Amino acid sequence: MNHFKTYMLLAGLTALFMGAGFLIGGATGMMIALVFALAMNAFSYWNADKIVLRTYGAVEVDESHPEPLIRNYVIDTVEMARSAGLPRPRITVIDSAQPNAFATGRDPDHAAVAASTGLLQLLTREEIRGVMAHELAHVKNRDTLVMTVTATIAGAISALANFAFFFGGSRDEEGNGGGLGGMIGAILIAILAPIAAMLVQMAISRAREYEADRIGAQIAGDSESLARALQKIEAYARGGYENVQAERNPATAHMFIINPLAGKGADNLFSTHPATHNRVEALMRLGVERGARRPVMAATTSSSVPLSGERGGPWS
């Protein structure tokens, strides 16, 4: 049923894209939008991981890396992937002070995971394991394809809505709704389509985040470390550390373990992620059910040693 709902929501995104095409070019524009949407989905299927990793400047790493933090990150991720019955994913690092992580790829055989330098510097080894187990859960559940295709279509809807705003009223009366009516429709689609696309993203992403938290805790064998990690990441992400690439590509925000957007404007009203405290509570309940002690509240400072070898942090 969860997969059925996801496919229905993806169909809704495609319908929104076609609606924007109709306002721009009538029936012809709608058909062109449909063909374009299908082409985007096919392109995303084969190139999703490459596009996202290139966008964020991800660098592939392995066990031979000279930095101990990165070596441990690779070793633990490979070990957990093996224990979860997954092929070895491409393991990458992105140069960002904001602590965060994501997974991408069309299937487990073509999956990639990424952790930011900020995350590796902030968290303990056990907490990093918890985060990467969450990302491996997305791979195991085959969420990565849906999440990347959703990002592609949602981003295209926003771009097409802006195009509709400027050109939607230029058709004549015989061209299916030109003039004032077409302009009003174009204005409405420019305002409402990105919001609708974001709401669909939220519906897809939120349910999958809870499930990835649950499966991730099983993969890591530890719900407490993931709960602490989420608390730390949330605190630091809201402490003034912007993810520049995510701000430029907001349609990819739902791919991260914590919303990477700064919360300016409407971002804080239309979050693509469940509230972190709700996720932590769910993990706490899971820990109690598994016989673990309840996760303690994370400290707002870290004793981890950054990649530079010097201690530091947002408030140091």
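Glycine residues also receive a Cβ, built from the backbone N, Cα and C atoms like all the rest.
Binding of Zn(2+) is attributed by Swiss-Prot to His134, His138, and within the candidate set Glu60, Glu63, Glu67, Glu209 the record adds Glu209 to that site. For the recorded positions Glu135, Glu209, counting C-beta atoms within 10 A of each C-beta gives the highest total at Glu135.
Excluding His134, His138, Glu209 themselves, the residues of that chain whose CB lies within 8 A of the CB mean position for the Zn(2+) site are, in sequence, Ala103, Glu135, Ala137, Asp143, Arg208, Glu211, Ala212, Asp213, Gly216, Ile257.
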